[in-house]
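**Student:** Once you've had a glance at the structure underneath, I'll fire off some questions.
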Amino acid sequence: MSFLDIIIGILLVWGLYKGLRNGLFVELASLIALIAGIYGAIHFSYIAGDYLAQRFDWSDQYLKIAAFLITFFAIIIVVNLAGKFLTKIADFAMLGLLNKIAGGIFGALKVAVILGAFLIFFEKLASPMGLINEETKEESVFYEPIKELGDLVFSYVLDNDESDPSEEIEASEEII
């Protein structure tokens, strides 16, 4: 087991622990909150911007930033509160243990997917610079499975099962 495996293993155990502690509903709500917060802030921050423009005499640049941040954090808070509410209901319905176990599994998978995405990007950026050698990757127990999980998720996100996300990243690097 290499140093890389130890780092990946610690992060996976951290995701498992966090998921066990929070439960499935809170873990799922945190992921949904992040996605919905970004989407909502991009598409609906003009509402907060109009309100702020009526109340404060700020430049347009600062209004847009403040409106984006207010909308983003408001959505995150609401979705996270909904997740905590659902956790309370699950505890009341005596599904607390099942919620915690499912949360642990989801937490570890969430970290694995994030690590997979990071490894895909890191490999494309680090390979030309030689930051991590091929021998370390081959000796690693976690490197390839986690990277393949990232590839799998990206293939569904990109809606193109035929293409390899690693190739998509290479193509976008050539454009840049």
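Just so you know, glycine gets a Cβ as well, placed from its N, Cα and C.
Quick paste from TrEMBL:
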{"type": "TRANSMEM", "residues": "24-42", "note": "transmembrane segment"}
{"type": "TRANSMEM", "residues": "62-81", "note": "transmembrane segment"}
{"type": "TRANSMEM", "residues": "101-122", "note": "transmembrane segment"}
**Student:** Same chain, outside the transmembrane segment (24-42) by at least 6, Cβ under 8 Å from its Cβ: which residues?
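**Tutor:** Answer is 18, 68-69, 71-73, 75-76, 79-80, 82-84, 86-87, 90, 99-100, 102-103, 106-107, 110.
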**Student:** Any residues 6+ beyond the ends of the transmembrane segment (101-122) with a Cβ under 8 Å from its own?
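**Tutor:** Distal contacts: 8, 11-28, 31, 132, 143, 146-154, 165-166, 169.
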